[in-house]
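Chemist: What follows is a single structure, and I will ask about it in a moment.
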Amino acid sequence: MYMSTDEVRNAFLKFFESKGHQIVESSSLVPHNDPTLLFTNAGMNQFKDCFLGLEKRAYTRATTAQRCVRAGGKHNDLENVGFTARHHTFFEMLGNFSFGDYFKEDAIAFAWEFLTETLKLPADRLLVTVYETDDEAFDIWNKKVGVPADRIIRIGDKKGGKPFESDNFWQMGDTGPCGPCTEIFYDHGEHIWGGRPGTPEEDGDRFIEIWNNVFMQFNRQADGTMEPLPKPSVDTGMGIERISAIMQGVHSNYEIDVFQALIKAAAEVIGYEDLSNQSLRVIADHIRSCSFLIVDGVMPSNEGRGYVLRRIIRRAVRHGNKLGAQGAFFHKLVGVLAEIMGTAGEELKRQQAVVEKVLRIEEENFGRTLERGMAILNEALDNISSQGTDGKVLDGETVFKLYDTYGFPADLTNDVAREREFAIDEEGFEKAMEEQRQRAREAGNFGTDYNAAIKVDTQTEFCGYTGTKGSSSVAAMFVEGNEVESLSAGDKAIIVLGETPFYAESGGQCGDAGEIRTESGVFRVEDTQKLGNAIAHHGVMAEGVLAKGDEVATIVDAERRAAISLNHSATHLLHAALRQLLGEHVTQKGSLVKADGLRFDFSHLEAVTAAELKEVERLVNAQIRRNHVIETNVMDIESAKKKGAMALFGEKYDDEVRVLSMGDFSTELCGGIHASSTGDIGLFKITSEGGIAAGIRRIEAVTGEGALDAIEAQAAKYEEKLAESAQKAKSLEKEIQKLKDKMAAAESANIMGKVQDINGTKVLIAALEGADNKNLRTMVDDIKNQVGSGVILLANVNDDKIGLIAGVTKDLIGKVKAGDLVKMVAEQVGGKGGGRPDMAQAGGTDVAALPAAIQTVQPWLEERL
C-alpha cells in the first residue's frame, strides 16, 4: 500500500491520538531549555524534564513528528550525507511517549498494531530485538503479540564494553534514568546483502531498524546499582524517511517522494541530467536542514549554530558548483520543499521569502570566495600529487589557512580531498586551531574577573520587583577574590546578602547601583551581578566600616532603576515592532539596557532603511501613547508558550516563568524590571542602526527625556545645516554673479563686431540668449564706454520671456531717447516699458515676433539720426 511521506506522518499522529495521546507540535530545532544540545536531535528532547520528573504536564501520553538536525557536535552525520542511503543532516522522528502512564505491553502492542494494521506491513517481513535479559519484553512479543521466537533476537552488551553498554540498553549518562530497548527491523529481501541484527553482517542494508522503543525502567546509582523507577516511562522513535521508503517500495531514503522532488528540482535549476549523482542527494538533504534552521531563527554566522548552518550551505553550494551551477541556485529549492513537506511545511511557507533571501545572500557571498579557495586547494593537492609520495595527505596548515582566510569549513576541504583520494592531517589542523585560540585568549586577557573566581554557597532572595529598599544581613564579603570578615573605607569589594532589592545583571538589563548602609558605614554599590544562586554587590566602602553578619539597609538608586526599567520595556516594544515590520525571522541576539539608553541586536540580513526605522519608531510610540498596563504573570513554560510568549534562544528557563505582556502587541518571557505602563516610557527615539556581524543588526535608542534631548539635538543639527546651506547659497550667488559679470564683459567684447554706422552714428543692435536684465544693463554700460557716442539696443530671451535694454549716450539724447526706442520694440512683442532718456528697459512675451521687431530698429533710427 503506497503512502506519501505526508500521509505516513498524519496516519501516525492520528493513530496515537486515537490511543489517548496528546499531539504535541514539533519543538524548535534550537533547544530552548537544554544548553548541552546544539540542535534538537531526537523526539524526546522537548520532554527531557518530564522523564526526569522535573516537569509535569497536563497529559501523560504524547505523540509528535519532531524535526531533527544532526550536524556538528557529538551527533554529526555531515560527511556521510549523500554517500549512504540513510544519513541525513535533517530528518523527522515520529514518536509516542508515556510519562509514567503505560509501559512495555501497551507500547509494544501499539507499535505492532500501527505497522501491521494501519500500514499493513507483512508480519513476516518484521523482526524484533530485545535486551539480552529483558524476558518481559521477549514474552510480550512472543506470547501476546505472537511473533515467533526465532524472529525475536536477544542483544547483549558489547564485547569489551561496560555493563549495559548495548545497542538495546538506553542510558542518559553514567547515572540517572535508563532502561532496555526493543527495536523493530524490516527485511528488505534476500536480494540485498546483510545479516540479521547481532550477526557479523548486521551492518548490511537488508535488515533496517525502523522503530526503537526505550523503556525507562531504572535509576542507576553512582555505585552502579539499578533501582526501579516508581513510574516507568516510554520513549519511542521511528524515522519517517525509513518507514516512507518501505511504504513507497524503495530501498534508499533518497528515493522517497520528498527527496525525489528536491533532486529533480535541483537538477533542473542547475541544468544537470543525471538524477543519480550523489551531489544532487547532498543538495536535496541540505536544503531541508538549512531551510528549517532559518525558520527556527538560526542565521549564518561564524560561531555556534550559525556556523554549522553556514557550513551546510557552503557544502551544498560547492556540490552545485561541481555540477556546473551558474549563479545562485540553492534558494530556488525552498518553494519546492515547502510544498512537498505538506502539513509539516506550513511555517516554512509563511517564512519562504525570508528563507530564500538568507540563502541567496549567503550563497552569493560565498560564491565570491569559492573559486579562489578551490584554486588554492587544488593547487596544494596537485603539488602533493606531483611529488609522487605514498599516502597522499593534505597538511593541517593548509586546511587551517583555507578555513581562517577563505572561510572554507574543514569538512568542505575534507570532501574535496576525499574525492581526490587524499587524507587530511586532522592533528595538524587542530594544532593550528588551538594556537589561534591561545592567541585569542591572550589578546582578551585584560584583567581578573573576581566575580567568576568566587565560590559561595549563599542563596540570595531577590525582593526588588515591588520596591527599591529593604533590610538584610551580610552573608559574605570578598576583596580581590578572597573572603574577608570586615571592610574599611576605601576597600573595593563584593558583598553578598541574604536578601536584596538590587537587581543582578541578566537578560541584557544592567545591574542596579545604590547604597548598603549601617549605623557605622556606607558601602556604595556600583554594579550588581549574579554569583551562582547568590547576588553579588560590587562597589567600594565609601565611609566607615562593615563586618560580616551586620544588619544593613539596602537602598537602590531609584531614579537610575526607573530609567533602566523604561528602557527595558521599550526594548520589548522594539522587538515586537521589528518582528511585525520586518518579519518573524527577527529574533533577539543580544541586548544592553542601561539608564541612558538601550541597545538591541537582532537577526536580519540587510540594513534597516530610514523609512523602516521611521515606521518602527511610529509603531513603538503608538503603543506608548496607548498606555498599556504592563502585566506580569507567573506560569509554567508550556502555558507561556500557548500564550504566545517569545522565549530567547539559548536561554534556560525554570519550570515557572515570568510572562510580561503589553496589550496584545508584545508578550515575552522576562525576569527583568519594567515600567508600570507603556505610557511611562514617554517617547522612543532610535539614534543609530548598523551591522555588527553577518546577519546581525544593532539598533541603539533612547526614551523619555533622553529621546527629547536626541530630537532637540537632531533639530539643532538641522538648523545648523540650514544656516550653513543658506550661507553657502549666498556665497554661491555671489560667485554666480561674478561669473555672470565676467561673461557679460566677454559678451560685450564679442558683439562689438556688430557695431554699424547710421548717418555717422555708431549703432549696435543685437539679440542674446540666457542673460538676465542686470547683465544686459552692465553690457550696455560697457559698450557705451567703448563707443564713446552711439545708440545700443540689446534683446534677451530667457525662459520664454523677452528682456529689452536700450542705451543712448548723452550727446545723442536730443535726437533719440532710450525710452522711446525700447517702447517701440516692446509694443511689437506684446510688452511695454520705458525709462530715462539715456537708459531704458522693457519686457515682452511674444518670442516669435522678436526677430521682426529687431528689424524695425534700424529704419526707426535712420529717421531720427
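Each position is counted from 1, following the chain as shown.
The backbone N, Cα and C atoms fix where each Cβ goes, glycine too.
According to Swiss-Prot, the record shows the following:
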- His568, His572, Cys670, His674: Zn(2+) binding site (BINDING)
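Distances, neighbours, how buried they are, the whole picture for these features please.
Modeler: Taking the Cβ of His674 (Zn(2+) binding site) as centre and 10 Å as the limit, one finds 26 other Cβ atoms among all the protein chains shown.
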Chemist: For His572 (Zn(2+) binding site), which of the three DSSP-derived states applies: helix, strand, or coil?
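Modeler: Once the DSSP labels are grouped into three classes, His572 (Zn(2+) binding site) ends up as helix.
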Chemist: Take the mean position of the Cβ atoms of His568, His572, Cys670, His674, the recorded Zn(2+) site. Which other residues of that chain put their Cβ within 8 Å of it?
Modeler: Gln509, Ser565, Ser569, Thr571, Ile630, Leu660, Glu668, Gly672, Ile673
Chemist: Might you list, by sequence position, any residue in that chain lying six or more from His568 (Zn(2+) binding site) with a Cβ less than 8 Å away from its Cβ?
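Modeler: Listed in sequence order, they are Gly508, Gln509, Val593, Leu598, Cys670, Gly672, Ile673, His674, Ala675.
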Chemist: Would you mind checking how many other C-beta atoms are within 10 angstroms of the C-beta on Cys670 (Zn(2+) binding site)?
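Modeler: I count 25 other Cβ atoms within 10 Å of it.
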Chemist: I want to verify one value. Collapsing DSSP to three states, which class is His674 (Zn(2+) binding site)?
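Modeler: Looking at the DSSP assignment, His674 (Zn(2+) binding site) belongs to neither helix nor strand, so coil.
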